[in-house]
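Heads up: the structure comes next, in structure tokens.
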Amino acid sequence: MAAPRPPPGRLSGVMMPAPIQDLEALRALTALFKEQRNRDTAPRTIFQRVLDILKKSSHAVELACRDPSQVEHLASSLQLITECFRCLRNACIECSVNQNSIRNLGTIGVAVDLILLFRELRVEQDSLLTAFRCGLQFLGNIASRNEDSQSVVWMHAFPELFLSCLNHPDRKIVAYSSMILFTSLNSERMKELEENLNIAIDVVEAHQKQPESEWPFLIITDHFLKSPELVKAMYAKMSNQERVTLLDLMIAKIVGDEPLTKDDAPVFLSHAELIASTFVDQCKIVLKLTSEQHTDDEEALATIRLLDVLCEKTANTDLLGYLQVFPGLLERVIDLLRLIHVAGNDSTNIFSACASIKADGDVSSVAEGFKSHLIRLIGNLCYKNKDNQDKVNELDGIPLILDSCGLDDSNPFLTQWVVYAIRNLTEDNSQNQDLIAKMEEQGLADASLLKKMGFEVEKRGDKLILKSTSDTPQL
């Protein structure tokens, strides 16, 4: 006569399979832990049993890493590992008691070691990929809103796990490892990233490849951009494509729906120093684009994005004052505008005033946008700043700006920023107003163009007066 089966264990009134010895028992636990009441009443002994199964099954993975011929025998072990991770993952959802119990058993270290073994196997098996993903989900859940677990995850996972997973070909593995990194990061751990820049750059690359994934985006905007030291170190080591991605996210943060906070302002001032100094040093690289061989030069395109960032930063009142007095910035912008203007006049190239507007009205050439933004930046830097207004005059920038619009007045984007710049240059500045009035009289400024821009010249006795018309500028 067969021995009677032991009665099933109970989880505070919920029937539980016991002992947990096989796949069906683990699957039953996984299903039970989908409900909060079962998670809240789970005994610690359950998690010890799951850990024992996980450790036993991991031995097969270790063997396969040493002997590749053993990979084909992994199927049953991978099934058990996957279900262990699913069970633990579900148990941790909104349950700090379970998070603490599982952590205190040493499960996090076992899980991280196993995940690193998965990466070593380098074989394409759906079952391996599923176990890999579930392991990362477990680490994300045990660390969620639990600082003690975050510390243990960081201790075991940094930097090897992130170096192994953030550049993985599987999109879900990249997303889940990004979730773990986002959850675990704090100000102290950010300093460790400065010594492991490859991880930070891998996050930027992950966002570049998966812009729809929220975790890499949040890591960059909520953590990286709050650390000027990290951004500076990253920028120096990045490829130009990665720089463009980072600068795009910086723009998104500045122009986003939520205004910069008081804490953000000093940080973005530090970014402004990096962006402005880099632009001043490297902006002439853009002239490479005048050559047909360099029309897609990544370094030049990254420099164009620096200008886009400067335009948005100078549109922010908290950042404008710093950049208005930044050494050499205004002079370099005017100098570059002149060089581009001459290049566009001398030959047919990417800076020439031809065929730059698409049928839908968008500027089709990044170079045309660059010229517009140079003029926009001059206008921003001269906003209510007499010193900069006078400096533009001294550098013969006013005729240059007017001539830029005259050559290609079919471009509404360029015309818009010329109007804006001229208004800022002439506001409360009689010297600049007189200059434009005299240019009109001498035929150096087109009266019809000035009228389109909302200005007209009036003669009062021996004086020429530049005044605004009541008409809206015709853009």
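Each position is counted from 1, following the chain as shown.
Using the three backbone atoms N, Cα and C, a Cβ is placed for every residue, glycine included.
Positions annotated as omega-N-methylarginine by Swiss-Prot, on the basis of similarity to another entry: Arg10.
Feature annotation from Swiss-Prot assigns phosphoserine to Ser12 (among others); the stated evidence is similarity to another entry.
According to DSSP, Ser77 (phosphoserine) sits within a helical segment. The feature phosphoserine is assigned by Swiss-Prot to Ser77 (among others).
If you look up Swiss-Prot, you'll see Thr82 marked as phosphothreonine, on the strength of similarity to another entry. Counting every protein chain shown, 23 other Cβ atoms lie within 10 Å of the Cβ of Thr82 (phosphothreonine).
Sequence annotations record features per position, and here Swiss-Prot assigns phosphoserine to Ser430 (among others) based on similarity to another entry. Long-range Cβ proximity for Ser430 (phosphoserine), meaning a same-chain Cβ under 8 A and a gap of 6 or more residues, is found for none.
In this structure, Ser430 (phosphoserine) is part of a helix by DSSP. Ser77 (phosphoserine) counts 20 other C-beta atoms within 10 Å of its own C-beta, drawing on all protein chains shown.
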